[in-house]
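Residues annotated as transmembrane segment in TrEMBL: 20-39, 89-107, 113-132, 144-163, 169-187, 215-243.
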């Protein structure tokens, strides 16, 4: 039976900034527009965070029962390592989806019911990333899903539930946040190219190849700063997000210099810290 620390490790905490940062940025947009509603922001954070944990457990379960996690390098896989039974990991994933659904239902009840449709798509996307007979994560579509749900949907959705409108700056801020979320997945997938090829998983990294995937990572960490400059035309204080730029250098250097296997594991943490710093600074800039 898995210990508490193993369950925490299995939730892949280094990936969690991808879920909270867009909520912070969306709330920054709401503050700047004079319409922040803090309890709604908190519920949006619950939805995003718990959904991310559910995605991680769901991926652990689906990859584990397929046997595609047997030789992977990186964070602990509960099913693949044999420390937890598949049914227990599946139950944890479904419980997370249930909690996220309840929190989302409350937000829909006080804003608009079409949010239920968005929430349903988010949960389905979470499950079918590696679940089902034809998981889209095995077909080079993972990064698109991450960009949409942890960029566009999370940032714009958070702003909407507080303002009950869709401000243009929310869409503009969502793009760089989505790119940084993709950077996390790209770093993870470039590390796993050798084992994913053996397992038959055609992730975007497998399709692009090692060199092009590393270039894609660099683009995902560099382009957000161009968007900051564009945002500064309307929100000059958005430029303070440039202060996070030094944090993008170490992980990008490691990736471009060919780090592989276990040497890429620190890149996940460094990318997460970059997300947090960039997102927090951008949120402050948009709020001022």
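Each residue, glycine too, has its Cβ placed from N, Cα and C.
For the transmembrane segment (144-163), the residues of the chain that approach it from at least six positions outside its boundaries are 18-19, 22-23, 25-27, 29-30, 33, 35-37, 40-41, 43-44, 48, 52, 107, 110-111, 115, 118, 122, 125, 129, 136-137, 170-171, 173-175, 177-179, 181-182, 184-185, judged by C-beta separation under 8 angstroms. Using a Cβ-Cβ cut-off under 8 Å and counting only residues 6 or more beyond its ends in the same chain, the transmembrane segment (169-187) has close neighbours at 15, 17-18, 21-22, 25-26, 28-29, 32, 142-143, 146-148, 150-152, 154-156, 159-160, 204-205, 213, 216-217, 219-221, 223-225, 227-228, 230-231, 234-235, 251, 255, 264, 267-268, 271-272, 274-275, 278-279, 282, 286.
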